[in-house]
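The structure appears right after this line, and notes come after that.
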Amino acid sequence: MSLWEYANPRRFMALTAKVQPWCWAVAVLLCAVGLGWGVLATPEDFRMGHSVKIIYVHVPTAFIAINAWFMMLVTSLIWLIRRHHVSALAARAAAPVGLVMTAIALATGAIWGKPMWGTYWAWDPRLTSFLILFLFYLGYVALWQAIENPDAAADLTSILCLVGSVFAVISRYAAQFWNQGLHQGASLSLDAEENISDVFWIPLVITLAGFVFLFVALVLMRTRTEIRRRRLHAITLRERTA
Amino acid sequence: MIALVARDLRLAIRAGGGFGLGLGFFLIFVTLTALGVGPTEAVLAPLAPGALWLGALLACLLSLDRIFALDREDGSLDALLTAPLPPEAVAVSKALAHWITTGLPLTVAAPVLAPLLFLPPSALPWLIAALAVGTPALSAIGTFGAALTVGLRRGSLLLSLIVLPMYVPTLVFGADCVRRAAQGLDPTLPLVLTAALTLGAIALLPFATAAALRVNLR
């Protein structure tokens, strides 16, 4: 019994059919608790006032946006090395989710930036690298859609994902090279001396977990759709040739 | 490899527009920049490093989709890939030929166009150095993008969407080098970083390009 057994689409479908509803349930529950707690039951920040509550959307979406790309990198590698179709389809399924998460993180950041920094946008290293990440997502999704042969599309997008990851990381440091920006450093790290206060931290972590489950549920759903679409395509091809 | 580079160069010269087109675009871009933001030195001089780099970058982008598209149309790309020459070597040769037809002329022409944007003369050597060191990376990255999109009918717009984000680091470091030189600061650090990017791109990207070409050969 190994993880690779689920590379078999039939096993994958059977497992995810069971897992998926639970993912949705946990995601909805955690998001409801976290967001409800965060928005309704936390005090106002002494400097930021009400606007601090946007953190419960901003931070989880940003977290997912980065880790979705990381997941695509891993699944692309698995596809290139072991040629499991489910892996390539999962990468394909994750990309639009990551794209939307990046867009939400950028948008909520802009909305939050206006009252805090007095501007919607600044060419701050973090903001810039997120914008560049958004562009990489766009290129990746566009390449998937442009290529008709599914295997060639999976190969080429995987290569793009690998090369793009390297350039995305370099771009991040290149943007840092200009200046230190407005955005604060990490405030959730486990090893940092100064984190945000527990009052905000606990609902934020709950929301974060909720968004992770939401991401997993969305990717599973989209992967299942892709597998079904692939099967349908195979069936119609077979009937046409028969 | 040399034969392949020579062939591409001959094609670029005899088919017309190989060298001239990119240069013409660069000239038009510089002119339009001046017309667009206003022709005074106070406005243009701070913009000059970035604008010159942007012009070079876009001129480079313009000729990317021809790297493999024409060869694919007449079938010579398949012949090249089934030849004894490894696809990695094809990728390197193609990138080199692209650089000689676009990056090199741009580097040579940049000092002539720089005074149009009132770039301080003291920054000119650094502009040449940065372009000479940075444009090979643009060609290598562009060849990779062209290999990814070679099988597509409407690939050129997608090509720019894929390639331009990857140009970000080269643009940042290259333009920063010229800007520092124009402001009288020490520009060696960004120049060295640009060179590092170029060396990394030349060393690694041909493998990715070759992988993409192999996929398109199937």
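Heads up, the Cβ atoms here are built off N, Cα and C, so glycines get one too.
Listed in TrEMBL:
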- B:12-37: transmembrane segment (TRANSMEM)
- B:43-64: transmembrane segment (TRANSMEM)
- B:96-118: transmembrane segment (TRANSMEM)
- B:124-150: transmembrane segment (TRANSMEM)
- B:157-175: transmembrane segment (TRANSMEM)
- B:187-213: transmembrane segment (TRANSMEM)
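When each of the listed stretches B:12-37, B:96-118, B:124-150, B:157-175 is scored by C-beta pairs under 8 angstroms to the transmembrane segment (B:187-213), B:124-150 comes out highest.
For the transmembrane segment (B:12-37), the list of distant contacts is 43-44, 47, 51-52, 54-56, 58-60, 62-63, 97, 101-102, 105-106, 109-110, 113, 116-117: same-chain residues at least six beyond its ends, Cβ to Cβ under 8 Å. Taking Cβ pairs closer than 8 Å, the transmembrane segment (B:157-175) reaches residues 49-50, 53-54, 57, 61, 64-65, 130-131, 133-134, 137-138, 141-142, 144-146, 148-149, 190-191, 193-194, 197-198 in its own chain, all 6 or more past its ends.
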